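Features reported for this protein in TrEMBL:
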| type | residues | note |
| --- | --- | --- |
| DOMAIN | A:126-423 | domain 'NADH:quinone oxidoreductase/Mrp antiporter transmembrane' |
| TRANSMEM | A:6-23 | transmembrane segment |
| TRANSMEM | A:32-51 | transmembrane segment |
| TRANSMEM | A:71-96 | transmembrane segment |
| TRANSMEM | A:162-183 | transmembrane segment |
| TRANSMEM | A:203-230 | transmembrane segment |
| TRANSMEM | A:237-257 | transmembrane segment |
| TRANSMEM | A:277-296 | transmembrane segment |
| TRANSMEM | A:303-324 | transmembrane segment |
| TRANSMEM | A:330-352 | transmembrane segment |
| TRANSMEM | A:373-392 | transmembrane segment |
| TRANSMEM | A:412-438 | transmembrane segment |
| TRANSMEM | A:459-480 | transmembrane segment |
Amino acid sequence: MGHWIVVPIVLPAVMAALIVLAVRHDIVLQRIFSITSTVALVAVTLSLVIFANNNNPEMYALGDWPAPFGIVIVLDRLSAMMIFLTSILGLGVILFASSEWDKRGQHFHALFQFQLMGVNGAFLTGDVFNLFVFFEVLLIASYGLMLHGAGAERLKAGMQYIVINLTGSTLFLVGVGMIYAVTGTLNMADLAIQVPQVAAGDAALLRAGALILLLVFCVKAALVPVHFWLPGTYANAPAPVAALFAIMTKVGAYSILRVYSLGFGENAGDMAWLAQPYILPAAIVTLAIGMIGVLAAKRLNGLIAFSVIGSMGTLLISIALFTPESISAGLYYLLHSTFAGAALFLVGDLVASRRGAIYGDKLETAPVFHQSGLLAVLFFVAAIAMAGMPPLSGFIGKLMILDAARDSDLSVWIWSVILVTSLMCIVGFGRAGSVLFWKSASAEGVIEVEGATWPVLPIVAACGMLCALVALTVFAAPIMDYLQGTAAQLFDTTDYIRAVLGEIPATQPGQ
Amino acid sequence: MEFLVASSIGLLTMCGTYMLLRGRTFPVVIGLALLSYAVNVFLFAMGRLTIDMPPILRDGVTEYTDPLPQALVLTAIVISFGMTALIVVLSIRAYLEIGNDHVDGRPVGEPSEAGDKN
């Protein structure tokens, strides 16, 4: 694939610079540039997915320095799928934001492109330190987006979000440092070779480093007990940004999957499946707490944010089982929950903006608002998806996760928690929907909000997210074929290592 | 020297963590800065502590210090410097907008519901 592999990182970076430097005074040109870039990104990543589907993993050496000395980016089935997901989600979000949101502050489109660059880079990189750098790129952009069109509440939540992530970055460096000290490498493929050869005396240090790194990824993935930043951040972020952040928690999940299946996976000797005993119980608790939050939420955005935590719990349960079946099921649920979370945030914003400043997204009975019929339908579909009811993809995903969990030691816990929390999620969304759309009939009058006519782009974007969910359901079989291949590739790491390091070098003693 | 470096990292981390857990933004910013200093020295030490050695690896050279952690530290310094600048600006903005410098957006001593009304 040659240089095409690096395009998903370079294209948004160039576009962002261009938008800041050349067209920063013209919002229309900014929109054109930003949307064009994202459409091109969708096309490129789609062709990368098709390429990855038919070929072995391929490496791109930045600056042509050979691995493990230079920084490499690697395209395999998993990373191709993740960047494709990112660009589709990005397209929906940018269409939504281009009607009105992007005018509420400066540089929305430039920050958005930088965010895409950071996320794509984190998915593509084959180097742990480079992963840190791309984490920082996406976080810096997300700080700007989070504070877009600030207000007191948003500044307060943004401050906490930034402090927790800066602390996370510090821990990331500590973990990376310890791993480097013991193995002498930060290249993920090289780690897979070095980790089993670590001297027994250094094993504890390596284990500690790897688990500190795990903690950082769990912060990103909003796993209990380090989930507390998410509800405040997502509920107070601008709606399109919250929808884009649906991919940010998945960056954490992806990193866990990548690092702990490659470096600390099956072939890691004493360190094999290092992460499993910690993630699985935490993920079960995460799911329970998320859905309790759904029941307790007083505001629509808070309800959606807690349902995102719950879906991360479900996703990480299936990842933490670390079997080929559970990982392919988990990846399907990952695709699903990204679109479902994003769709809910977009629809939630349409609802809140029509209920005016007084009611907003509070879950209280308010008079009828404009287009409540259409929005009720959209909300209903998105809520069905998030709760995992048939006929949409959430149901298929949960079914496959339950099936994959059959042989686990904790299968009783997994089954009961997933099933009970699904009911709680249905109740929570049912209550929210009836308060927002049905009970309004009992109140007098109609809420008149200026400008709440038929905004084409936001409704198209929200419908697009829901169409993606329908497509996931309709094409579940071919998608599952791809995902089973992905899981197989994650378990058989030889192709990945060969792509990065050439022929696998002969056994050398650790440093 | 190992003791000196290790204990200074420990001290910096200790102070940084304490400051980070304070309720007002200024100590939090200082705490983050101290933590980033600690982690920079820590990263540097992860290439093993050596004195008076060139960070160059070439044929015939047997004594050298590991150049990679130095590159990592440089990156980490740049990033943490930028982040500190960002959070200083943000704290000032939050102070001006919210009216106090508490990280929860409410003065110390008031009940927790007070901040959540708006």
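Including glycine, each Cβ sits where the backbone N, Cα and C put it.
Whatever TrEMBL says is automated annotation, not expert-curated.
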Pairs 6 or more apart in sequence, C-beta under 8 angstroms, 3 or more of them: is that satisfied by the transmembrane segment (A:203-230) and the transmembrane segment (A:303-324)?
yes
Should anything in the same chain at least six residues away from the transmembrane segment (A:277-296) have a Cβ under 8 Å from its Cβ atoms, list it; otherwise answer none.
211, 214, 218, 222-225, 227, 231, 256, 302-303, 305-317, 319-321, 408, 410, 413-414, 417-418, 421, 424-425, 427-429, 431
Cβ-Cβ under 8 Å with the transmembrane segment (A:330-352): same-chain residues at least 6 beyond its ends:
78, 81, 85, 89, 92-93, 96, 234, 239-240, 242-244, 246-247, 250, 253, 300-301, 304, 307-308, 311-312, 314-319, 321, 360-361, 369, 375, 378-379, 381-383, 385-386, 393-394, 396-398, 400-401, 436, 458-459, 461-462, 465-466, 468-469, 472, 476, 479-480, 483, 486-487
Contacting positions for the transmembrane segment (A:303-324) when only residues 6+ beyond its ends and CB under 8 Å are counted:
221-224, 227, 230-231, 233-235, 242, 246, 249-250, 253, 256-257, 261, 265, 273, 275-276, 279-280, 282-294, 296-297, 330, 333-334, 337, 340-341, 344-345, 348, 363, 386, 397-398, 401, 404-405, 407-408, 414, 418, 421, 425, 428-429, 432, 484, 487-488, 491
Quick one: do the transmembrane segment (A:459-480) and the transmembrane segment (A:373-392) have at least 3 Cβ pairs under 8 Å, skipping pairs fewer than 6 apart in sequence?
yes
For the transmembrane segment (A:6-23), what are the same-chain contacts with Cβ under 8 Å, counting residues 6+ beyond its ends?
29-30, 33-34, 37, 40-41, 44-45, 48, 60, 62, 73, 83, 87, 107, 109-114, 116-117, 120-121, 124
Are there residues at least six beyond either end of the transmembrane segment (A:237-257) with Cβ under 8 Å to its Cβ atoms? List them, or say none.
78, 82, 85-86, 89-90, 92-94, 96-97, 101, 104, 112, 115, 119, 122-123, 131, 135, 138, 142, 145-146, 148-149, 154, 157, 214, 217-223, 230, 275, 279, 301, 304-305, 308, 312, 315-316, 319, 327, 334, 337-339, 341-343, 345-346, 348-349, 352, 465, 490
Same chain, outside the transmembrane segment (A:373-392) by at least 6, Cβ under 8 Å from its Cβ: which residues?
307, 311, 336-337, 339-341, 343-344, 347-348, 350-351, 354, 398, 422, 425-426, 429-430, 432-433, 436-437, 459, 462-463, 465-466, 469-470, 473
